[in-house]
Amino acid sequence: MKSTRPFHPTPVITIDGPTASGKGTVAALVAAHLGFHLLDSGALYRLAALASIRYQVEPDDADALASLVDGLHITFREGCAQLDGVDVSDEIRAEAVGNRASAIAVHASVRAALVARQRAFRKTPGLVADGRDMGTLIFPDAVLKVFLTASVEARAARRHKQLMQKGFSANIDNLLQDLRERDARDSNRAAAPLKPAADAKPLDTSALTIEQSVEQVLAWYRELGQPA
């Protein structure tokens, strides 16, 4: 049955989920297939986290972090994430930066400072946005909301492979522990906790290939009467 959700002139597909659930890869491929813009909201938080490390701002100092985020010069060009004009695409994928990003994301003031930046990505012909609160907070009027899940073991294996391919050292047991801690922190924080939107479609990717996951999202989009 087709959705009766009213269409915004610029449609948004949100793909939320926990760390290493595959949402970033799926979102990028869906966006490429549809010719839509892409928002990797996690990259914004990682850029803020990297800046906090560089400028020695403590992760529990919410006011200082919000002030830092307000003044950051962040750009995305040709798939590269730039901080103050320097490409830091690889640097922000380090585990230490990811852990710091999860730690600073608990602060409502930090999340508020990044809301406008995220919503500004909504441009014609459309947007695919991935993150943790895209469907619940940033784009509640999205035409399609997907919540990706996967077992923590599958996610740790994926994360280990990603890190090794990028030249980072990684221990699978440490990754399992980090993921469990991040899941607890993300799900229990007061500001925009990680949870599926009430109208989100759940997609467990534990036993799915990337291609199968992408095709399922596109199939749901086609069910809305949209060309995909």
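From the backbone N, Cα and C atoms, a Cβ is placed for every residue, glycine too.
Within its own chain, SER21 (ATP binding site) has LEU148, THR149, ALA150, ARG155, THR205 as residues 6 or more apart in sequence whose C-beta sits under 8 angstroms from its own. Residues or ranges marked as ATP binding site in Swiss-Prot (evidence: sequence analysis): GLY17, PRO18, THR19, ALA20, SER21, GLY22, LYS23, GLY24, THR25.
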Where GLY17 (ATP binding site) falls in three-state DSSP terms: coil
Neighbour tally for THR19 (ATP binding site), based on other Cβ positions within 10 Å of its Cβ: 24
Residues close to ATP site centre defined by GLY17, PRO18, THR19, ALA20, SER21, GLY22, LYS23, GLY24, THR25, Cβ within 8 Å: VAL26, ASP130, LEU148, ALA150, ARG155, ARG158, THR205
Under 8 Å by Cβ from THR25 (ATP binding site), counting only residues of that chain that are 6 or more apart: ILE210
